[in-house]
Amino acid sequence: MGATILPDLLTQILIPATAVVGIAFALVQWLLVSKVKLSPERESSGAGNNKNGYSDYLIEEEEGLNNHNVVVKCAEIQSAISEGATSFLVTEYQYVGVFMAVFAILIFLFLGSVEGFSTKSQPCTYSKDKICKPVLANAIFSTLSFLLGAFTSVVSGFLGMKIATYANARTTLEARKGVGKAFITAFRSGAVMGFLLAANGLLVLYISINLFKLYYGDDWEGLFEAITGYGLGGSSMALFGRVGGGIYTKAADVGADLVGKVERNIPEDDPRNPAVIADNVGDNVGDIAGMGSDLFGSYAESSCAALVVASISSFGINHELTAMFYPLLISSMGIIVCLFTTLFATDFFEIKAVKEIEPALKNQLIISTVLMTVGVAIVSWIALPSSFTIFNFGVQKTVKNWELFFCVAIGLWAGLVIGFVTEYYTSNAYSPVQDVADSCRTGAATNVIFGLALGYKSVIIPIFAIAVSIFVSFSFAAMYGIAVAALGMLSTIATGLAIDAYGPISDNAGGIAEMAGMSHRIRERTDALDAAGNTTAAIGKGFAIGSAALVSLALFGAFVSRSAISTVDVLTPKVFIGLLVGAMLPYWFSAMTMKSVGSAALKMVEEVRRQFNSIPGLMEGSAKPDYANCVKISTDASIREMIPPGALVMLTPLIVGTLFGVETLSGVLAGSLVSGVQIAISASNTGGAWDNAKKYIEAGASEHARSLGPKGSDPHKAAVIGDTIGDPLKDTSGPSLNILIKLMAVESLVFAPFFATHGGLLFKYL
């Protein structure tokens, strides 16, 4: 089979070293952002004129506004948003912490009971001639890795939120010097989150494997089976983060828009609107903390899926450490590639005009993909033997190292294709969104029809891209090929997250500018940053959904192998009923999340109306609204409403596997994957298109857009209604669905030993 060029010792040094470099780079970016002061002291004007704008004198651009007051006001608003976001996340994590503790006990009990909590060594699952560690050890270590994954996911989300709330007002203040300075501040802040998350995820996984190895020794099969708990923990927290955060942010957003914009005809983020602070808090807990946990979960699961398959292939059987760590080396290369890519946006090129913002963000995706392709080729050459075998449903398939390179590369480029198709369907620079905006001439109904049609149509090319990726990668390297294709799609996660986090930070910056009473020019700049961020956020969601499809298929393959199912036959009733139920689950889940947003928004609308009607002088601006009450409504609703959808996803595999057995569960997993991906893509793109159609009319940048406007016109009101309907689709149901399909697959894999031994109770006794 041949040895690898990269020695094992160097592999053991390189992986943690790149993670540390990623963390160090994040800290450097954070220090640069922190140089923008949120205190009204004037900076010395003799410090030179630095390109990044940190030593420039603050140019006074506001008409008739005192610089001191503006800075103090920005600091106050930032503090209110930060406090609201922190208190919500702390409350959410307390509730979820209880759920996690209960679930950890369930993992231990289910896996421990496979052999009656036996402490005796046993024959290995795949190599019966070898002796593996006892079942009880697998139960203990799976529980530990589950808790580690959950903890890392929480930290990822919380740190992201802290960074975003730290940067939002700083971006607003930098917008006074020009759009380029504001862009750099927002993008650097996003990069802090991206690099911290990618590096932490890699480092914790690497350390966990090495610590577990102290006990497992040569039993790599048992070791990497236990490590799958890490992916389960990451995605469990992500589910609650996405659902809870999504309900919070959209309840506030819908409430603020419907009463403020449609009924009262006041601008977005107007300080008179009682829901405005809750709306801005929501951007941070939903779009930042939820998204951070979500992408961490995808990364953890794709790594775990690849490691599980590799451990029963020649890498694991022959104890080839460097080849075994190929998924981690890909992620390490990703951190280095993203580091160079980030410098293109912050240091190599300067943004001078509004029209340069979106190309700069798109170039990040293109540059990182091109550089990563070269990086993957290098890793595949030095970290893999020229030929090896991969486990393929009971047989070993011979694979060449260049074939594995193609698997990762096709995942990487499929991600880019999905990203750009998403952009085409959700950016107001292209005809699909302009057509949706044009349909607002005849009212909200035609807007809704056009938007739904756009969402359904936008599914076509991404599905073909995913299908081609699956076919090519499976042909080359079986299920391992699909797992590393998913990893390829996520290998540039640091850049993807930086672009994703940039959107909500810019959105918050615009809100702060409006609330602080800054000039119209400043708001125009933050709006331009936000519009570009909206499109890139949709691209990020496309990546997350595409990678979720590949990850869950790889996990599904590992589950089928671990459950000792030779084939999944759709024509058997057991499997077919599973398929039907699985395909229904995303609809049930979406119904729960959308109803939750609807009922929370109803309370918010009533509260905002009540305040406008009962607080004298509120519309005139002489009285202050009660922001805290709206924050409380969003918090209470999201905490209460996130439990049922979360329980549906977490309990389904347990109930189906225990009562109906592994064949029916395999049908459920296949059904939920196939229908979940389609609904997730269409929901995200429909919502994104409605949002940008509204922004297209508001900006009035073209003759066509001006004919539909201005703000407050009938077409604009129709666009606002479309945007409001799309909010829960694009920010609650859509993004949460990709967690549903991954989480059910990884959970089934973790519990597979129990299901294979004791599952199917109903069929046993019927």
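Backbone N, Cα and C atoms are what each Cβ position is placed from, and that goes for glycine too.
TrEMBL labels come from automatic prediction, so no person has curated them.
Database features, via TrEMBL:
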type	residues	note
TRANSMEM	13-33	transmembrane segment
TRANSMEM	95-114	transmembrane segment
TRANSMEM	134-161	transmembrane segment
TRANSMEM	182-209	transmembrane segment
TRANSMEM	324-345	transmembrane segment
TRANSMEM	365-384	transmembrane segment
TRANSMEM	404-425	transmembrane segment
TRANSMEM	459-487	transmembrane segment
TRANSMEM	543-565	transmembrane segment
TRANSMEM	571-589	transmembrane segment
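Here the transmembrane segment (571-589) has long-range neighbours at 645, 648-649, 652, 656, 660-661, 663-676, 679-680, 733, 736-737, 740-741, 744, 763, meaning same-chain residues at least 6 beyond its ends whose C-beta is under 8 angstroms from one of its own.
Looking at which of 13-33, 95-114, 182-209, 324-345 has the most CB pairs under 8 Å to the transmembrane segment (365-384), the answer is the stretch 324-345. In summary, the transmembrane segment (182-209) lies against the transmembrane segment (13-33): three or more C-beta pairs, each 6 or more positions apart in sequence, are under 8 Å.
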